[in-house]
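The block underneath contains the structure these notes are about, expressed in structure tokens.
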Amino acid sequence: MSKKVVILGSGPNRIGQGIEFDYACVHAVFSLQEEGYYAVMVNCNPETVSTDYDTADKLYFEPIVFEHVMDIIEREKPEGVILQFGGQTPLKLALPLQKNGVKILGTKPESIDKAEDRELFRELIIELGLKQPPSGTARTKEEALKIAKEIGFPVLVRPSYVLGGRAMRIVYDEEELKEYLEEAVSVSHERPVLIDKFLDNSIELDVDAVSDGKDVLIGAVMEHIEEAGVHSGDSATSIPPYSLSKEIVEEVKEQTRKLAVALEVKGLINVQYAVQNNEVYVLEVNPRASRTVPFVSKSIGYPLAKIATKVAIGKSLREILPEVFERLEKGEAHFASDFLPKEKKIFSVKEVVFPWKRFPEVDPILGPEMKSTGEVMGIDKEFGLAYYKAQLSAGYRLPEKGNLFISVADRDKPKILELAKEFEKLGFGIYATSGTYKFLKEHGVNAKRVLKVSEGRPNVVDMIINGEIHLVINTPSGKREKSDAYYIRRACVQFNVPYYTTMRAGYAVLEAIKSIKKLKEEGKGLSVHSLQEIYNI
């Protein structure tokens, strides 16, 4: 009988934990079978591929809770258990399983604990000489207000006991913080609230890497197209980064290597960073598969979950991927990924899919709480075209002419100017409500004023309904009431008008429209290639 290994899946799908983890579990099963192991899958979701009867050698359809998992282990007597592919759910079982004599394959439970525990992790960051945004933990309302004042607004607040960014909020002033503490969470000694300095106007990055404890291979450095503060699962992302310098990307890769070695990671690691004024800050480290693993694997042509599984059962990266190390040692690696050759000039853009149409009352706005339920991908040699393809796949057909409606929060007004002028050059009519209109007019943009919903009719929502507005850029003001902005966004969803709620997404749209217009002027259309062709381009 072959050696047995148990893989724990991610349990039921929910917003924040979806099918991406199932992808990693299935690849882990295939990898074990390639190495001659008997793969035992434990999961409880009928919607997944890992629970197909012919995927693993044996399937247990059981909840991912300690008692059930322990019963299976006692019955199967495996060599060990792999936890790192099921997201956060199985990770919580690491210490209880180890205490009961179960061998955890891959990253040790102590290392998982060090990455998950805020105090231990802060000590590690200081020890490695890295930077982290200032933060604090509050157990009373008074303590929360005191910490927020010391750190300085805006702050990111969240309960310490939730996953998937639920109940997280960016708070811009004391009044808003009081409201959040009264309405959204109950702060107490048992349920503390975590408060972090929110790095306004920063760029967020995600890194997926594989480590064997000595060597670390960077799968990809991904740049979020939305600003920091939008949940990583809701942001469009680009491989390689499209607006960061090579030096920053190399620094991020180096910091990821340090963290993976210090945490003695054996398998996958995901690190999230924010870059503000050319300074790199570590936001969080997950010593497990992240939801970007399928996207990265398809972008680089290497199955990260398969590689990580081979590492978890004791193989070294140099054994598994000699050709990648050869390329690295010759200095021939792509700047944002150790796996890709230097000449690989391809952009992959991931865009997310939202269920807004199924929930007519939900405000379709992005924030630290995850709301997306799927994702698509666009690949091309230019960032603009890759982004255009991703929008098309997500169901947004970007207009090449027509009218653009702009309404932004005061803090975004200086950034809107260049964007409005560029759209004007492309032949778009610019419409705006009073505040934004006044600002644009004063700075030489030929904008037209349109009424807010509260100012009477015909207003901006009427224009959207009548098909007179073809694109909307509307950033939130920080307040959550059902404002004019809410009705604008809902009308866009209802009438299929592409709308964007962050400035960086607005600039990415501009880049996409410029690229597609240029392509058409040259008499060409979008090129379509299979992934197999792309790896050989």
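Cβ coordinates are placed from backbone N, Cα and C, and glycine is handled just like the others.
So that you can see what the record holds, here are the features copied from Swiss-Prot:
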- R158, K197, L199, E204, G229, V230, H231, S232, Q272, E284: ATP binding site (BINDING)
- Q272, E284: Mn(2+) 1 binding site (BINDING)
- Q272, E284: Mg(2+) 1 binding site (BINDING)
- E284, N286: Mn(2+) 2 binding site (BINDING)
- E284, N286: Mg(2+) 2 binding site (BINDING)
- 122-313: domain 'ATP-grasp' (DOMAIN)
- 396-537: domain 'MGS-like' (DOMAIN)
- 1-395: region 'Carbamoyl phosphate synthetic domain' (REGION)
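Within 10 Å of the Cβ of R158 (ATP binding site) there are 20 other Cβ atoms, across all protein chains.
Distance noted between the C-alpha atoms of L199 (ATP binding site) and E284 (Mn(2+) 1 binding site) is 14 Å. Comparing H231 (ATP binding site) with E284 (Mn(2+) 1 binding site), their Cα atoms are 13 Å apart once rounded. Geometry remark: G229 (ATP binding site) versus E284 (Mn(2+) 1 binding site), CA distance 13 Å. When averaged over the domain 'MGS-like' (396-537), pLDDT in the model lands at 89. Proximity of E284 (Mn(2+) 1 binding site) to non-local residues of its own chain (separation of 6 or more, Cβ distance below 8 Å) is seen for V271, Q272, given in sequence order. Annotation for N286 (Mn(2+) 2 binding site): same-chain Cβ neighbours under 8 Å, separated by at least 6 residues, are A115, I269, N270, V271.
Taken residue by residue with DSSP, R158 (ATP binding site) is part of a strand. Secondary structure of the domain 'MGS-like' (396-537) per DSSP (helix as H, G, I; strand as E, B; remaining residues coil): 69 helix, 20 strand, 53 coil.
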